[in-house]
Amino acid sequence: MSATLALTEQLIARASVTPDDQHCQQIMTERLAALGFECETIASHGVTNLWAVKRGTDGRDGKLLAFAGHTDVVPTGPLEQWTSPPFIPAHRDGKLYGRGAADMKTSLAAFVVASEEFVAAHPDHRGAIAFLITSDEEGPATDGTVKVVELLQARGERLDYCIVGEPTSTTELGDVVKNGRRGSMSGELVVKGVQGHIAYPHLAKNPIHLLAPALAELAAEQWDAGNEYFPPTTWQVSNLHAGTGATNVIPGHADLLFNFRFSTASTVEGLQARVHAILDKHGLEYTLKWSVSGLPFLTPRGELSGALEHAIRTETGITTELSTTGGTSDGRFIARICPQVIEFGPPNGSIHKIDEHIEVRFVDPLKNVYRRVLEQLIA
């Protein structure tokens, strides 16, 4: 069994359901400390975070490449539906099964073993290697990576490159990497009406009827056309509720929850202003509460993308696709302090599902790609 596969199994065996790290980071810390990493645990409200760094011969003047990821996993769902227990690593048909196998304990193990091999081969490496690991990525993500980033900002720490080990591949290792992500902004809209008897509508104001024309306009609006890297911004309703459940009462208010997934072609302020303009045009009496969970980020083609594409092509023969599709990730926080952030990891077809797994044939090539990037950028 390879070192990467063995460490992956060791991590899967820890039932680290968010935000409980279950000592996964301790396992990683022991391996990294043996290489000369300075390891720091940063705890926050039940969340465990790790910042570990090993400087090269150039000291703080050297380029720094960070590996970022999360030790927490999503809940298992019904245990009886799993073919084998989710926290007991199991091999079947060339696949390793277990919660976190794809998202993202294989990436974590590959980070560690790639670093071990790199340091052994290049003991006098010039640049620095760092690890930014959290147990709060699958949860609220309020005490994880964002807290470490804030701390590093306060210290003036500089990151030059960051690889986030998210499972970005689709069918083959390296067929897709993410060089950016859309932003996410949600709104909680309450449209006020006047409750009344449904037989006397002239004595009431139906907020559903009042909202409907504005809702149709919002749904039809083209917010932007996207750009070279991003598809057009989307606006979607996730929840709509009004009424008491009775059939003879006009509701007093209508509640609407919606979400923007937006690109670098739009801004938070611009989208908010356009929503308010549409609501105001329809004469609605309303309240609207906004929450921004992440801004869009983009890493244009450059040193990191070039090194990663070359490493993937050398290791697998695949020409990779740069993509910005999908949901948000912790990359949105890291981009605040790092100009080049790219996500790359194993195929994602089984993530968050019953019988999550990774094909064993991808495990060591994943580690090799990470090591090749280290060799290209900081040796």
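All positions are counted from 1 along the displayed chain.
Glycine is no exception: its Cβ is also placed from the backbone N, Cα and C atoms.
Together with D103, H352, Swiss-Prot lists one candidate of E138, E150, E309, E315 for binding Zn(2+) 2, that being E138. Summary of the site annotation: Swiss-Prot records Zn(2+) 1 binding at D103, E166. Screening the candidates H70, H197, H202, H209 against this entry identifies H70 as the one listed for that site. Take the CB of E166 (Zn(2+) 1 binding site) and look out to 10 A: across all protein chains shown you find 29 other CB atoms. Residues near E137 (active site, proton acceptor) in space but far in sequence (CB under 8 A, at least 6 apart, same chain), listed by position: T18, G69, H70, D72, G144, T145, S329, D330. With the fewest other Cβ atoms inside 10 Å of its Cβ, the least crowded of the binding-site residues H70, H352 in this structure is H352.
Rounded to a whole value, the Cα-Cα separation of H352 (Zn(2+) 2 binding site) and D103 (Zn(2+) 1 binding site) is 8 Å. Cβ atoms within 8 Å of the centroid of the Cβ atoms of H70, D103, E166 (the Zn(2+) 1 site) belong to the same-chain residues G69, M104, S107, E137, E138, V164, G165, P167, S329, G345, I351, site residues excluded.
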